[in-house]
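What follows is a set of notes on a single structure, which appears directly below.
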Amino acid sequence: MLHIKSIPAFNDNYIWLIQNSDRRCAVVDPGDAAPVLEYLAHHELTLDAILITHHHHDHIGGVPELVRQFPGVDVVGPKNEPIPTLTHPVDDGDQLELFGEVFLVLGLSGHTAGHIGYVGDAKLFCGDVLFSAGCGRIMEGTPQQMFDALNKITALPQETEVYCAHEYTAANIAFALAVEPDNQHLQQYRDQVNRLRAQNKSTIPTNLRQEKFINPFLRYTEPSVVKSVSNRTEQTDPLSVFTALRAWKNEF
């Protein structure tokens with residue numbers, strides 16, 4: 001069984017640490033090496049692998065220093081993105097073994113052109129694609145690509161835990177409630193998140209079952225969501241509703 005720990009970085013990033021029972025570990029999207037090295041030293045862990053979801057600096061900035069400190073560490077990441085430190089470029093459908101668990105690589109283009117995720121042991125590391133109550137900005141891809149990426153994620157088992165890379169939940173809930181002010185699941189989740197954040201606790205991981213009740217970007221066929229965006233698009237097909245939602249969130 002793998003154990004997952006969060007290492008906070010910058011203002012709102014999470015670097016995820018995946019640990020086995022033998023004090024060996026991997027990290028996901030280490031934008032900063034310093035907090036990772038501090039955690040590894042404090043807990044006497046050895047770094048075996050670095051998993052990268054996309055090329056943005058707040059996800060890869062710490063990789064060169066970690067490679068210097070741990071020569072021979074595997075650096076796994078998207079083959080279609082400009083990341084010079086990769087030792088193991090991977091793409092959609094590839095598999096990798098990590099501490100006895102098989103992880104499947106998912107192509108999740110949209111936020112960036114070559115964004116990927118990793119799913120295994122009922123855990124999804126999805127970078128900046130799916131957030132709790134939200135989704136990533138479409139910075140290099142198209143609405144269709146992000147739409148397809150989210151649908152690929154929602155096809156996973158509903159118990160899948162979602163480890164996204166940022167603590168955006170409270171802000172996402174504010175937007176989600178603007179879309180669905182009468183959503184009781186959202187109202188309850190807002191209260192839960194407010195309690196956690198008041199104690200400086202993380203709201204992540206979330207899970208797919210919960211997100212389907214609260215995340216407007218997964219609820220684009222719900223009548224309440226379609227009605228909310230009706231003044232922004234005359235189309236009611238799922239992609240048009242999703243695209244209108246993402247444009248609305250950009251200016252929210």
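Numbers here mean position along the shown chain, with the first residue as 1.
A Cβ is built for glycine as well, from the same backbone N, Cα and C atoms used for every other residue.
Among the features that Swiss-Prot reports, Zn(2+) 1 binding site is placed at HIS54, HIS56, HIS111, ASP128, with the record citing sequence analysis. A coil conformation is recorded for HIS54 (Zn(2+) 1 binding site) in the three-state DSSP classification, outside any helix or strand. For HIS54 (Zn(2+) 1 binding site), applying a Cβ distance below 8 Å and a minimum sequence separation of six or more within one chain yields PRO78, GLU81, HIS111, THR112, GLY114, HIS115, ILE116, GLY127, ASP128.
There are 24 other Cβ atoms within 10 Å of the Cβ belonging to ASP128 (Zn(2+) 1 binding site). Taken residue by residue with DSSP, ASP128 (Zn(2+) 1 binding site) is part of neither helix nor strand, so it is coil. Annotation source Swiss-Prot lists Zn(2+) 2 binding site at ASP58, HIS59, ASP128, HIS166, citing sequence analysis.
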CB contacts for ASP58 (Zn(2+) 2 binding site) [other CB atoms within 10 A, all chains]: 19
HIS166 (Zn(2+) 2 binding site) and HIS56 (Zn(2+) 1 binding site), Cα-Cα, nearest whole angstrom: 13
For HIS56 (Zn(2+) 1 binding site), the number of other Cβ atoms found within 10 Å of its own Cβ: 19
Other residues, Cβ within 8 Å of HIS54, HIS56, HIS111, ASP128 Cβ centroid (Zn(2+) 1 site): THR53, HIS55, HIS59, THR112, HIS115, GLY127, VAL129, GLY136, MET139, ALA165
Shell of the Zn(2+) 2 site beyond ASP58, HIS59, ASP128, HIS166, same chain only (C-beta within 8 angstroms of their C-beta centre): ASN13, ASP29, GLY31, HIS54, HIS56, GLY127, ALA165
Close in space, distant in sequence - HIS166 (Zn(2+) 2 binding site), Cβ under 8 Å, 6 or more apart: ASP12, ASN13, TYR14, ASP128, PHE131
